[in-house]
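One structure is given here, and the rest of the page talks about it.
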Amino acid sequence: MATPPPSSPRRLSLLQADAALQRPQVNPVDLRSLEYVDPYDHNLMCAICHSPFVCPVRLECDHVFCQRCVNDAMSYQDRDSRVYIVSCPSCRRKIENRAIAPVPKILSHILDDLRVKCPLEFLGCPEVTARGDVQDHVDKYCAYAEVECSSESCLLTVLRKDLVKGGCLHRVVNCEDCERSFMEKDLEIHRLRHCEVVESSCPDCNVPVLLRDIKVHIERCPNAILLCNAAEYGCAFAARRETLDEHLNTCPLAKLVPFLRLQNERLEAHEAALKLLRHKNSILETSFSTIQETLSPSANLIDAPSSSATASDTGPFDSTAHHLLCLHESLREEVSRVSAAVSEVDAKASMMVMNESLRIKEDLSHANAAIGSMRMQLHWLMSARLQNQQRVAMVRAQSSGEGLTSSADAGSSSGSVELPVRRLSDSTRQDTKL
Amino acid sequence: MAQKRIVKEYSELQKNPPLGMKISLPSEADMHQWQILIDGPKGSPYEGGVFTLQLSLPTEYPFKPPTLSFKTKIYHPNVTNDDKGSMCLGMLRADEWKPSSKIDAVLGFARRLLSEPQPDDAVEGGIAREFKENKKEFIKNAKAWTKQYAKK
Ligand SMILES: [Zn+2]
Ligand SMILES: [Zn+2]
Ligand SMILES: [Zn+2]
Ligand SMILES: [Zn+2]
Ligand SMILES: [Zn+2]
Ligand SMILES: [Zn+2]
Ligand SMILES: [Zn+2]
């Protein structure tokens, strides 16, 4: 939090101090830099930052992004275009309304349930927690989070796990071995990881090794006594590295190790499945018993009260079962009756459809024939008309030729035009009658 | 944020490299400059050649598109025939870029462009004309350049 400039009034700084007291999140965890333990559904991934959504929001086009990613995208677009309208980073649809819609609560819940590593893992915190709880973990529980020094006069911070050491850990002390000076809180890390003098010895070969290198040495130490690969399955063999290699070639248990591992995995999977089934079963049992309770009075009415020699415990169960069987039987009869009726109706309907379609087919063929004859007539009429037109054209050409020589002939020539028309129409009528 | 996304995309591409491509960082310290080796696609005149490309991710990535340039000379209508070898079309153009597009898609786009040049969107007009009007000559030239500049 930024400190107010010295010129600002004192009341403001008091208000800010109040706000800081109310919100204990002094170091808000950046949820976007967290490391996720399990693979997550790719639909939970923000298309902009490529990690699971943080504070997701929905745009008009129904695309979802982190609040901050959308803000970043919009500010970049603003800088470019200097227009108020921006577009969706996924589909480029214009966003008219910048008021951003919230997403369904269930999405936030799913996101909060994702398992993440503690952000202080690099300091050594092994915690894996739900993302929704990570802020709480860092604020209140993480042993590697920085807290105020227990000494009241000291303003520095220590790791929470070092608080129990008591006193101020910011006094300067010297490393016993290399004599360099450190704050007390950093001494342990120095001796374990960095000091170039402090020595330890290998438990197997008794050679002195720098403490900071001991892990690496033990992994490679030629004298280390190693257990057979199949130790967890009962082989008690332990020897130096080279002898062990020989043993591994002959040890039957070591050869079975991959198989046994697989078996173990399957066993675990089955156990998990069994647990689930048990849970389901118990739910079903309870619901069954409630059904029984609701049914048993009516079952008692139907069945004669315990004429058989059954125990009183199983009595109601038997009668209920019997009642259910009776119900089942009658329902089955009902069903068979209904199915018979249905098939009857089906047969009737298909007969009807057949008859109807036959009739329609006949009608269609009639219509086809009628259309055929009409087409013929049309054809004849058309050709007759064409011939007629040709004739008229010819006659007109003749008569106009004569008209040049004598105009008095015009009346007789117009009479000769009509004659072939009548003849032609007569002949077409005869043809259609045939 | 950009940094984290780039690291993630890089490691994903290392795990599942796209067909016929090798991706590396010329300098481990700079995640914004990638080097891509693309094999010329089968059936194209670039077959048999290996092309070096440089992918530069702007600091504004993914809000600004990456730029892609050929370090190996290539006879192609969509790649400038100068020492820059730059290409700028389709999804790489600033007005068509979407922040949700991935580098994987960019690389796929570049590879597709080797198989199917887009003469209507060309930067080298001469090569584009040849591609459209005299395909045979284009293929001959492209093959010759591939042999000369993009040998394995
Ligand atoms: Zn995001
Ligand atoms: Zn959209
Ligand atoms: Zn922690
Ligand atoms: Zn202190
Ligand atoms: Zn030391
Ligand atoms: Zn040793
Ligand atoms: Zn063994």
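In case you wondered, yes, glycine gets a Cβ from its N, Cα and C as well.
The compositional bias 'Low complexity' annotation in TrEMBL covers A:406-416. Taken from TrEMBL, the feature compositional bias 'Basic and acidic residues' applies to A:420-434. Residues or ranges marked as domain 'RING-type' in TrEMBL: A:46-92. Per TrEMBL, domain 'TRAF-type' is recorded for A:190-244. Sequence annotations record features per position, and here TrEMBL assigns region 'Disordered' to A:397-434. Sequence annotations record features per position, and here TrEMBL assigns zinc finger to A:190-244.
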Arithmetic mean of per-residue pLDDT over the domain 'RING-type' (A:46-92): 85
Composition by DSSP (helix, strand, coil) of residues within the domain 'TRAF-type' (A:190-244): 22 helix, 10 strand, 23 coil
The domain 'RING-type' (A:46-92): DSSP-derived helix, strand, coil residue counts: 15 helix, 9 strand, 23 coil
